[in-house]
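Residues or ranges marked as active site, proton acceptor by Swiss-Prot on the basis of sequence analysis: Lys175, His294. Annotation source Swiss-Prot lists N6-carboxylysine at Lys201. Marked as Mg(2+) binding site by Swiss-Prot on the basis of sequence analysis: Lys201, Asp203, Glu204. According to Swiss-Prot, the feature site 'Transition state stabilizer' maps to Lys334, an assignment based on sequence analysis.
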Amino acid sequence: MSPQTETKTGAGFKAGVKDYRLTYYTPDYQVSETDILAAFRMTPQPGVPAEECGAAVAAESSTGTWTTVWTDGLTQLDRYKGRCYDLEPVPGESNQYIAYVAYPIDLFEEGSVTNLLTSIVGNVFGFKALRALRLEDLRIPPAYSKTFWGPPHGIQVERDRLNKYGRPLLGCTIKPKLGLSAKNYGRAVYECLRGGLDFTKDDENVNSQSFMRWRDRFLFCAEAIYKAQTETGEVKGHYLNATAGTCEEMYKRASFAAQIGVPIIMHDYLTGGFTANTSLAMYCRDNGLLLHIHRAMHAVIDRQRNHGIHFRVLAKTLRMSGGDHLHSGTVVGKLEGEREVTLGFVDLMRDAYVEKDRSRGIYFTQDWCGMGGTMPVASGGIHVWHMPALTEIFGDDACLQFGGGTLGHPWGNAPGAAANRVASEACVQARNEGRDLSREGGDVIREACKWSPELAAACEVWKEIKFEFETIDKL
């Protein structure tokens with residue numbers, strides 16, 4: 001630890017400004033098992049030493065400020081300060097570093113993602129000495145993660161409630177996302193569910209607009225769910241978006257969903273906020289509702305490689321805040337997502353223990369200590385030809401959602417749903433028989449087309465559709 005002579009009561013107070021690195025850069029520090037660890041991608045301004053910038057990040061996100069203050073002498077600074085304990089240059093970049101910072105657990109309120117992020121990604125991101133700053137990863141120690149409830153129910157409980165095992169769940173976002181009346185919206189839900197999907201979904205910006213108020217939508221969707229369940233003998237659901245302008249209104253919508261007996265609701269956790277999300281997760285846990293989480297606004301925060309917060313951090317904090325599902329990208333669809341990076345944060349969402357693996361962007365070993373898992377949701381520009389890759393990439397514990405890939409079927413919504421269900425079951429069967437979907441996936445789909453005219457029609461419509469653009473956020 002660096003000496004703090006000027007801030008200890010016995011040494012007296014010395015006013016003035018000093019380098020951050022004299023106090024907050026501690027390369028000899030031995031990390032404690034209870035420390036919260038952060039990895040920042042840091043780009044200093046020209047002429048600013050990396051050690052000074054790393055120390056500034058540690059200081060400004062914990063106990064420090066720009067000048068010495070006399071009240072430093074009234075606290076145990078060595079106990080509470082953040083420490084930049086390691087720096088490593090980023091390969092291939094001339095002035096970029098990974099700064100590792102350790103934060104004492106006592107700096108953070110128990111069970112509060114809001115407080116955690118307010119400290120770690122607060123004012124420091126506007127610090128002038130930094131050209132850019134990105135939070136790449138967090139290590140949440142068991143001593144802190146055990147103060148969070150996590151997902152309302154988790155993957156296994158959801159499987160048991162749905163009585164569906166051994167395959168990915170299938171969903172569909174109702175389109176057009178805005179403009180339908182509640183009755184027509186409910187009709188689309190019914191057709192998709194009776195066609196073979198497990199879930200349908202409100203889009204992220206479906207709340208309670210003049211063309212479709214939330215209560216009407218909830219009632220018509222519930223009617224569709226019950227009718228489809230009766231016809232198919234399967235448990236069905238629709239993600240009813242409870243996101244609202246106030247927490248009181250959000251609770252009202254969640255309560256109504258519970259009263260009419262639907263199995264799952266939805267929340268936009270970034271636009272709605274972590275405090276609202278944690279509160280809603282607790283309500284869902286107490287009232288038997290599954291909670292689907294949409295990540296609207298995430299790309300504003302995580303898409304740029306050099307500045308912001310990586311999605312793996314947003315995924316970790318959502319698991320702590322509470323969510324049974326979370327949109328995670330597709331790798332193969334229309335939305336940003338590199339394969340190894342995506343697989344890394346998918347594991348962080350649903351596995352109990354994840355080893356450090358820099359090849360997948362995982363900077364720290366993460367032990368969730370029994371916290372329930374969050375199911376990844378692949379959604380955005382996917383269709384039946386993507387099914388082999390999605391099955392191979394995500395495995396069984398995922399929800400694959402085909403919006404346009406269901407509702408765009410030339411024969412209608414129910415045939416579109418049937419095409420996706422047939423494609424999924426064909427891929428799962430082929431995988432279980434030992435076939436390599438990465439090489440034989442196209443053949444598997446073509447074989448299934450022989451006994452499913454719905455799938456054959458879907459394959460013909462989308463045979464030329466690809467989204468091949470270079471990924472911006474790479475390792």
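Cβ atoms are placed via backbone N, Cα and C, with glycine included.
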Lys175 (active site, proton acceptor), number of other Cβ atoms within 10 Å: 16
DSSP state at His294 (active site, proton acceptor), helix/strand/coil: strand
Additional residues around Mg(2+), ordered along the sequence, whose Cβ is within 8 Å of the centroid of Lys201, Asp203, Glu204: Thr173, Ile174, Lys177, Asp202, Asn205, Val206, Tyr239, Asn241, Met266, His294
Inter-residue Cα distance where the pair is Lys175 (active site, proton acceptor) and Asp203 (Mg(2+) binding site), in Å: 8
Distance [Cα-Cα, Å, rounded] between Glu204 (Mg(2+) binding site) and His294 (active site, proton acceptor): 6
Helix, strand or coil at Glu204 (Mg(2+) binding site) [DSSP, three-state]: coil
Glu204 (Mg(2+) binding site) CB neighbourhood, other CB atoms within 10 A: 20
Neighbour tally for Lys201 (N6-carboxylysine), based on other Cβ positions within 10 Å of its Cβ: 29
Separation of alpha carbons, Lys175 (active site, proton acceptor) and His294 (active site, proton acceptor) (Å): 16
Rounded distance in angstrom between the Cα atoms of Lys175 (active site, proton acceptor) and Lys201 (N6-carboxylysine): 10
Three-state secondary structure, Lys175 (active site, proton acceptor) (per DSSP): coil
